[in-house]
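Database features (Swiss-Prot):
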- ARG13: N-beta-linked (GlcNAc) arginine (CARBOHYD)
- GLN48, TRP49, PHE50, TYR72, TYR219, LEU220, ASP221, ALA222, SER322, SER327, SER328, TRP329: UDP-N-acetyl-alpha-D-glucosamine binding site (BINDING)
- ARG53: N-beta-linked (GlcNAc) arginine (CARBOHYD)
- ARG159: N-beta-linked (GlcNAc) arginine (CARBOHYD)
- ASP223, ASN320, SER322: Mn(2+) binding site (BINDING)
- GLU253: active site, proton acceptor (ACT_SITE)
- ARG293: N-beta-linked (GlcNAc) arginine (CARBOHYD)
Amino acid sequence: MLSSLNVLQSSFRGKTALSNSTLLQKVSFAGKEYSLEPIDERTPILFQWFEARPERYEKGEVPILNTKEHPYLSNIINAAKIENERIIGVLVDGNFTYEQKKEFLNLENEHQNIKIIYRADVDFSMYDKKLSDIYLENIHKQESYPASERDNYLLGLLREELKNIPEGKDSLIESYAEKREHTWFDFFRNLAILKAGSLFTETGKTGCHNISPCSGCIYLDADMIITDKLGVLYAPDGIAVHVDCNDEIKSLENGAIVVNRSNHPALLAGLDIMKSKVDAHPYYDGLGKGIKRHFNYSSLHNYNAFCDFIEFKHENIIPNTSMYTSSSW
């Protein structure tokens, strides 16, 4: 088995990294060293709420779920109060009414560091690809195989799907914009974190003048509860993600993702995978496989050790609180 994780990485976890950062500047995985890159106290925090059923809200309610079981709006407001020197972005999407958009504006007025960012107002076109190109590339790949190795059933499906692309909808991004399930969340989460600092600067939100378009961001699911300021974070090569552990089996999760710069190459690697497969998944391929590719992870490595290497964990964040309740969908 190849060498996996340098033992020095164990000090990279939230505030622990602060006290040891002068001693431990490097971590290693798969025989390669990576700098623990800082993510400073003014890096914006990003939440996301994509609402599939905006009609479920009463008049005068901000259309972000805020029940006893799922107090997501309260968690966001709590984060804005604690991290009052950071900009707190909320990327939203859904068929909101005029009155609901007014409630978003009222939320911004009441909490000056909260910025509502509408998905439709963000230019993600630099990350797009024609669906027809994705299908054609996969068709040509199948056609290049010897007849005995060709999957004719798959080839027929690909040709049929190519013919059925709706007029004016030949776009990977548009195909996800019309979904109303978890891949809708996951795909645009990846794109938003790719834009990172520029997500805040390009949408013309007031109060974001101190954010560099090239800077990173701290993404948190709305079920993550901040209990105190996060301070400076450190991440290997500038990226770390939440890790779940179930019966000692670990897995990369997208509930928390921190990056120190826009267009992080690990996320770009995941986007390349999304653009190469007709059945790609934004969580498994766009995030998980992209990070693994970037850090040269293979099946020869210890997966739990890789999860330890890339884990974002902080003593001032209570993670994944919705695991104790029923689905908010």
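Heads up, the Cβ atoms here are built off N, Cα and C, so glycines get one too.
Mapped onto this structure are the features recorded in Swiss-Prot.
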residue : record                                        : contacts (Cβ under 8 Å, 6+ apart)
GLN48   : UDP-N-acetyl-alpha-D-glucosamine binding site : VAL90, LEU91, VAL92, PHE185, PHE188, ARG189, ALA192, TYR219, ASP221, ALA222
ARG53   : N-beta-linked (GlcNAc) arginine               : none
ARG159  : N-beta-linked (GlcNAc) arginine               : ILE139
ASP223  : Mn(2+) binding site                           : HIS70, TYR72, ASN75, GLY255, ASN320, THR321, SER322
GLU253  : active site, proton acceptor                  : VAL241, HIS242, VAL243, ASP244, ASN320
ARG293  : N-beta-linked (GlcNAc) arginine               : ALA266, ALA269, GLY270, ILE273
Which of PHE50, TYR219, all binding-site residues, has a Cβ with the fewest other Cβ atoms inside 10 Å: PHE50
The residue listed as 'active site, proton acceptor': secondary structure state under DSSP, collapsed to three categories: strand
Coarse DSSP state, helix versus strand versus coil, of ASN320 (Mn(2+) binding site): coil
Secondary structure at PHE50 (UDP-N-acetyl-alpha-D-glucosamine binding site), reduced by DSSP to three states: strand
DSSP three-state assignment (helix, strand or coil) for ARG293 (N-beta-linked (GlcNAc) arginine): helix
ASN320, SER322 as binding-site residues, winner by CB count within 10 A: SER322
Cβ packing number for ASP221 (UDP-N-acetyl-alpha-D-glucosamine binding site), 10 Å threshold: 22
